[in-house]
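Novice: Shown below is the structure under consideration.
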């Protein structure tokens, strides 16, 4: 049976269980099961490699001990074991990060995990179906990596916190252009399910890893932080799938939840798509300088990225149009960005890249810390011939970025080979300052075209609605700050 049909069968079985309500809970259920199965596959490999190997969790909780035998415990006995023994034990493991890092990973993964299934017989069917996938086979593991990404894409129900699955084509292009090297620290401060980190890991492995020592070095390079439990568990599983034995650097935390000035870390590479359109809970903004405080998540993350990048550190960040044209605190952040970093390229993405999750129009900002910006190159990414909008069934493809890759040039010579064309143009920093750091600069080589195509009109309408929502959030922030100021004055 193919892996994709195994996944479909899993979903069909879980739909029969009264305790599992909707795609998000199905994904949550599948996540902790997958985590334990993949974790135990790695345990078996580590046992073979090390003579006196010590298990990081009690042996009876390893997948092989209670789940691997298709004729093993089932029904109420299985439910009782999972709910009253397995979960309480793993949530309360004594596993210091320095002495038992793999145990620490398990404890973190299970900190807020939950068994939704109420029928032990159906749970046994799910477990037996999972056992049809052989994670010790590199071919099946690679295949499953692709399927895993598909699961994340299919099951994601985008909420109102602005978290959207980043299309693989966009992720690959960003990592390809940033080109992380062996030994460079690579971070995603809002890592979600780990798409950027997995892509960066694969990029370094495919281009720079030659020896076993290189592979060990690579395992230490990857850093991620995710504040929500389910994406954190999915990301940790994703890292295990990619061969990171001890993904302790994937933290279950809110990156913004400590004063900006207290960050000691200096990171070589940041690739991320921070949540946008959402706002942080009260008090988080107090971790930022008084004149730069806002509750808008994307603005706070951009400040954080500028702060934690090392000298000559490189970043690629997805940001909405609202960041480009926004005023107030957004203007101050863009001024800081151009003073502290060389914002050398902005790739303007077309409508629909994040369909069906949001119609907000987005951009990729590429910058390097240490030198101020002299000029910004813009590249307007066009739809391919015959495409009027992207959709879930017709997503963006990596090959579409070949034109940008061919045009890109080399940062070492200040991109001397770049030339303006119908899609690319540059704007000097003096012009940007004169525009009060409004970076929403239209392509001078493309005239305004009026379209009567219903698909395009619908896409434009969705974009406008999303931008109205973004402006509403900004206005709420400004009014909130003004009211808070008045209270302080009284």
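Residue numbering: from 1, along the chain as shown.
Cβ from N, Cα, C; glycine included.
Found this in Swiss-Prot, in case it helps:
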{"type": "BINDING", "residues": "163, 164, 165, 166, 167, 168, 193, 194, 195, 226", "note": "S-adenosyl-L-methionine binding site"}
Novice: What three-state secondary structure does DSSP assign to residue 165 (S-adenosyl-L-methionine binding site)?
Specialist: coil
Novice: Quick one: give me the count of other CB atoms within 10 A of the CB of residue 195 (S-adenosyl-L-methionine binding site).
Specialist: 26
Novice: By a simple count, how many Cβ atoms lie within 10 Å of the Cβ of residue 165 (S-adenosyl-L-methionine binding site), its own Cβ left out?
Specialist: 19
Novice: Which residue among the binding-site residues 167, 193 has the fewest other Cβ atoms within 10 Å of its Cβ, if you could check?
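Specialist: Each of the binding-site residues 167, 193 was scored; lowest Cβ tally within 10 Å is 167.
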Novice: Check residue 195 (S-adenosyl-L-methionine binding site) against DSSP and tell me helix, strand or coil, would you?
Specialist: helix
